[in-house]
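Annotation comment: TrEMBL describes 1-33 as region 'Disordered'. Annotation comment: TrEMBL describes 1-29 as compositional bias 'Basic and acidic residues'. The domain 'Amino acid permease/ SLC12A' annotation in TrEMBL covers 49-516. TrEMBL lists 51-71, 77-96, 129-151, 157-179, 191-208, 240-258, 279-300, 306-327, 384-403, 418-439, 459-480, 492-511 with the feature transmembrane segment.
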Amino acid sequence: MDHEKAPAYDGEPKVYDQHKANDQPRQSEEGEVFDNADQLQRHLGNRQIQLIAIGGSIGTALFVSINSGLYRGGPGSLFIAYTLYSIMLAFVNNCAAEMTVYMPVSGGFIRLAGHWVDEAFGFMAGWNFFFYEALLIPFEITALNLVLSYWRDDIPAAAVIAACIVLYAALNILAVKIYGEAEFWLSGGKVILIMILFSFTFITMVGGNPQHDAYGFRYWKNPGSFAEYRTTGSLGRFEGFLAALWSASFTVVGPEYVSMVAAEAKRPRRYIKSAFKTMYIRFGIFFILGALCVGIVVAYNDPTLTAILGGTAGGSGTAAASPYVIAMQNLKINGLPHLVNALMITSIFSAGNTYTYCATRNLYGLALEGRAPKILRKCTKSGVPIYCFCVVMCFPFLAFLQLGNSSSTVLTWLNPQVSLITAGGVINYIVICATYLAFYKACETQGLDRNTLPYKGWFQPYCGYIGLGWMFFIVMTYGYSAFSPWSVNDFFYNYTMVILAPVLFIFWKVVKKTRFVASSEVDLIWEAPVVDLYEKMLLGEGVGFWTEMLQLVGLRKNVGRHRDSIAE
């Protein structure tokens, strides 16, 4: 659909010209509005979306894998790297927020890329994100077995894998409301864990430990703030900083998960906007403060940390490798490491559950646009893309590889996958920034006043340009160590996704003969009228996050109780 000039967005229903079988929100017998322009249903409340966003942002990397950044870069490099990367990802988040709040479609930023940039660009972005999510599921299940071995090594691995597959299936095959509720509680465990670790850091650093040692920032002075890595001197310290930066690029995530749940939010204009806006707080508290705490509690040359990462001691995938647990052991604190390991189990399970959900919704978005088989568009009555779910559930079975080998061996096989996943994640951010810049240009060309949008990003389009440039720099230099000394294996581990992305783009462009969408032809109306009608037919203003939290414990029950009813 071509547009010479898009009408200013004023929240009023616009003419809807998409070739959909049903272009109006549907009403259930109970009077609940739940429809998109497709078959997904809007059942996720504010508190569920906020915790899903946290669940997607916080993984075991923040508790364990961050140790590699500390070991190679030192506390100063780790803190600077995580702060810098969080700022850059905030620029990306700013781009994703404006687009997604205005156009909260199924498939999130993936479908926006196909509609607003180029169909081939959307094809590449969709399959990159699908493999990014789906390949992480068996990795998390295998890691779960390894974490359980912290207590005992005779737990049947097959039983754990089977239990994970059954639970992921049960939580994702039911209505999205059930998934949202489960993820709310699982993600709550992550928040509790990180608050415990932050409290542990502060209390012990001021002397609240069995040794009454107020160590403060001692490890920033001895052995120092900046470690040398690969070489010595200033170059070695710079390479240490780069190693910490690569650690941050794997650990610090978030905007993509909010984008993927937008199509199933009860009130996307309000709840999704709130989730994106609080993302900046998450970056500051969880990632920047988390990096600071890790550098406080453990020295980068700690003997236990060095032995684990150097391969001379076991426990690299369990709580034993966590800088916090190492600090607890150094301070002779008993019991707390077991609690950390227990909460890490909920963290890992929650991560796998989120990956299953996002991979399913992404594949459904691809099918809607004809970039995956049409049969995958089939949804259950509760709004679950059933065939997409079946395809995604094939991936967890890769975790059974560990039955013929140890969990640590399988994780060693899958460790190169971390490099693949990191590159895939950064490519997602490149897609978001590039799509936003196309959207911004289209708004200028067609005369759509961004001040009339439900959320206007700040400092645009400069956030888009800076985010795009930064993420392109990261994805191109992430595997520089493969060149000195030259390693074919390391090169493909780090750059397979970088090579695959343009291959996918060129393949679809040649097959479908697609073209880049001109700014004057970008469809800035698309599904906005459906969302406008949906929200206008709901009573009230909805409820805030803390109000929903109070309602969990029986308080303020009458507030917003008609928020999902159709207006008369």
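Placement of Cβ uses the backbone N, Cα and C atoms for every residue, glycine included.
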The transmembrane segment (51-71) in contact with the transmembrane segment (279-300), cutoff 8 A, at least 3 CB pairs, sep 6+: yes
For the domain 'Amino acid permease/ SLC12A' (49-516), what's the mean pLDDT in this predicted model? 86
The answer for the transmembrane segment (459-480), taking Cβ pairs under 8 Å and residues 6+ beyond its ends, is 88-89, 91-92, 94-95, 98, 242, 245-246, 249, 419, 422-423, 426-427, 429-430, 432-434, 436-437, 440, 450, 490-491, 493-495, 498
Any contact, the transmembrane segment (418-439) to the transmembrane segment (492-511), with at least 3 Cβ pairs under 8 A: yes
Can at least 3 Cβ pairs under 8 A be found between the transmembrane segment (384-403) and the transmembrane segment (77-96), with each pair 6 or more apart in sequence? no
Would the transmembrane segment (279-300) count as touching the transmembrane segment (77-96), i.e. at least 3 C-beta pairs under 8 angstroms with sequence separation of 6+? yes
Which sequence positions outside the transmembrane segment (492-511), separated from its termini by at least 6 residues, show Cβ-Cβ distances below 8 Å to it? 118-121, 123-124, 127-128, 131, 371, 416, 419-420, 423-424, 427, 475-476, 478-479, 482
